[in-house]
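So the structure is just underneath, and the comments pick up after that.
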Amino acid sequence: MAKPHRMKSPLMPNNPLRGWKLTLAGILLVAALLRLPFLANNPHGLYCDEACAGYDAYALLTTGADRASTFLPLYTRSFNVFPEAIYQYLTIPSIALFGLNEFAVRLPAAIIGILSVLALFCFVREREGRDTALVAALLLALSPWHVHFSRIGLWPIIFPLCIILALYIFFKSLSQPRLFWLTGALFLFSMLSYQAARLFVPLMLIGLGLLYWRELWAQRRVVLPVCLVALLALVPLVQFWLSPAGMVRASGLIAPEVGTTLKNYLAYFSPDFLFLRGDSNLRQHNGQMGQLYLFEALTLPLGLLILLRRLVAPAGADWRPAAVILLWLLLAPLAAALTAPDTALRALVATPALAFISALGMQSIVKSITRLRQHQRYRAALLNGALAALLALNVAWFAKVYLLDYPQLSSRAWQYGMRELIAYTEQSAYDCIVLSSLLLEPQIYVLFYTQVPAATYQQTWMPAQRLDRWAFGRYYAFYLTSSFQLNGTCLVALKPAEMSLLAASGYAYHEIHRISDAYGQEHIRLVEVTHWDDRSTTPLKLANYGVPRVQDRPFAYVGDDWYAEERHGTQRWRWMGRHGTIALVNPTFRPVPVRLNLYAQSYQQAQRVQLTLGTEAVGSWDLTPAGAGRSLQILLRPGETQLRLEAEPGFDGERALSLMLLGAELREVTSDITLAPTFYPGVVFPRLEVTE
C-alpha cells in the first residue's frame, strides 16, 4: 500500500529551523504593517481620552506629575474617571522622541500590539508546538479586533499582553519555581493595566489554584511568600478601587439585574457579535464586519471541540492546559457583561484566547488535508488553495473597510476637526474664544495642540475644571444653552446643530469658518459674536461660566466623591458612597457672611445626614423621599472650606443635590452645577444655594 502523500500547507509549511524563524519574522512584519502606517490619521481624529493621556504623559515627562499635579500617580484623572496611568508612562519615551502629537500618543499601543503577537507565539509553542504557534500568531496579527485597539492611544491594549506573559511564565514556573515571583509580578501588573483585570485576574488565579493545587502546594515555600507579598501590594490598590473615585465608572455602568448581566454575557459569544456586526460603537469597531473574520466561524468551533475533547482525555493525559484556555475564554467577557452586551473594549482580553482556539481549528483542517492519499493530491492542493484564498479574501475585505470606509464612517466618533480648530484659533487675534462643550471635552485639545507647559497649567488647575465650565487664557469651554450670555466680541466654535442657539440667545453674529473632513462632512462651525441684541436681558460676565483666572467673590465646586454622567443630552451628577463634599471658596482677603440653603431627598427610605463645615459639626439633616431643606448662616473664611454631608451606615438609597452659588443680586451666577441621579426621569430636584 502506497504511503499517504503529505501535502505541505501553504499556510504553515513544514519548515526547518531557519524557515520557521523567517515565517515568524514575516508574521511580525504583517502585524507591524497593519498597526504602524497612517497611525496619526487612522482612526480619523484624536479622541479626547487619547489627548488626555498624551498631555498627562507630556506633564509627567516635563514635571514628574500629571496635569492635576499628582506626583508619579498610579491613576490619573481623565475628566470624571480615574484610569490606570501605566499607558501614560509608556508614552513618555515616544513623546520625548517625536513630540506631543497623535503618532507619539498611539505608537505605544501599536508596539504593544506587535509584542502581543510575539508573546502569543511563545505561549502557544510551549503548549502546542511551533506550527500551531505560528498560526495563532498570524491570526492575532490579522485580527480586526486586536488591530483596531492597537491603533488607539489608550491603555486597555496592555491587558491582553500582560495575561499572555503571566500565563506563559506561570506554566514555566511549574518546573522552575523561582519564576513564581515573576508570575506574581505579571499578574499584579496586569491588574494595574485596565479596570476589567480587577475581576478577570482574581478569578483566573482561583482557577489556576484549583487546577494546579498539587504542584503549587509542593512549591509552597516559594508560592506562599509570593502570595503574601502580592496581597500586601494589593491593599492600597483595593482601597482606591473601593473609593468613590475608583468606583466612579463601575457604579455608573454596571447592570443592576442578574438576568441582564447573563443576557449581556451570552451576547459576546453570539455569531452576530463575533462574525457579522460586532460592536456598534464606531470608536471600538469598524462597523462593517464582525469582531472576527468570517472564516473563523468554521475554525473557532473546531478549536473549541478539540479543547472540549481534551477535557475528557484518557488517563495519563494532562487536560488542565485545555481547561486554562477555556477558562480564559469564559472569563474574558465577564467584566464587559456587567455593563453592556457589545463592548469590544472591555472584552479585549479575549482576543489571544480566540486566536489560540481558532489556530487549533485551522491546524486540524490543514492536517486533515495533508492526510489525503497520493492519488488525491490534486484535491488536497485545491483545498489548500481554497483555504488560503478564503483567508486572503477576508483580510483584503478588512483592509478595504479599515483603510477606505472606516475613516469616513468614524470621523465624528473620533472628534475629527479639533486639531484644525485649535490651529485656526491660534492664528486668530480674538481675546475671547468660546468652545462648546458639545465638542466633547474641548479644553484638553487646547492643552494638547498648543502644548501649554505643564508647570504653567498645574499652577492654575483646580478640581472645578472637571466640571462643564472651564477657562484658561483666552479660551472658555461650557455647554451652550438658549440662555447663555457673553460680553464683548468672541469667536465661538460649536457644532453646526447649535447654530439655532445663537439666534435664540439674541446675539448678532456672522459665520467666519467651517471645518469639514476630506469626505465633505462638516464637523465644526466658527462664528464671530459681536454684540448682544437689545431684545434680551443684560448679559452676564463670561468669566462666570468658567473657572476664572481671578475671582472676586465666593464660588463652589464638588469634590472627587461626585461623578458626572451624560444621559439624553443632560449632564448630571451623582453622590458616591456614604458622603459627599462640596468646596466653598472665598478668594477675597476677608470673611464673607453667606447663607447656605440646602435641599436634598433620599429614595426608598428616610435617612439622616450629618453636616460638617470644615472641622465643625453643624447639625444633622433628615432626608425623606419627599425632600427636605436646611438653612445655615455662616461666616465663610478666606480660602477653601469643605462642606461634608455624610449619611449614616446602612443607607442604600440615592442622594440628589443641585448646587448653585448666587451673587449678592441673585443674578450673577458664578457656578451652576446639576447634581442628580440619572435614572429617575421627570423628577424635579431641589438645589443647594449659597447666597451673600
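Every residue, even glycine, has its Cβ placed from backbone N, Cα and C.
All TrEMBL annotations are machine predictions without curation.
As written in TrEMBL, here are the features:
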- 89-238: domain 'Glycosyltransferase RgtA/B/C/D-like' (DOMAIN)
- 103-124: transmembrane segment (TRANSMEM)
- 153-171: transmembrane segment (TRANSMEM)
- 200-217: transmembrane segment (TRANSMEM)
- 222-242: transmembrane segment (TRANSMEM)
- 292-312: transmembrane segment (TRANSMEM)
- 319-338: transmembrane segment (TRANSMEM)
- 344-366: transmembrane segment (TRANSMEM)
- 378-399: transmembrane segment (TRANSMEM)
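Regional average pLDDT for the domain 'Glycosyltransferase RgtA/B/C/D-like' (89-238) in the model is 95. Counting residues per DSSP class in helix, strand and coil order gives 130 helix, 0 strand, 20 coil for the domain 'Glycosyltransferase RgtA/B/C/D-like' (89-238). Non-local neighbours of the transmembrane segment (103-124) in the same chain are 24, 27-28, 31-32, 35-36, 39-40, 46, 50-51, 53-54, 57, 87, 90-91, 94-95, 97, 132-134, 136-137, 140-141, 146-147, 149-154, 157-158, 160-161, 164-165, 167-168, 352, 355-356, 359; each lies 6+ residues outside the stretch with a CB under 8 Å from one of its CB atoms.
Among the recorded stretches 319-338, 344-366, 378-399, the one sharing the largest number of Cβ pairs closer than 8 Å with the transmembrane segment (292-312) is 344-366.
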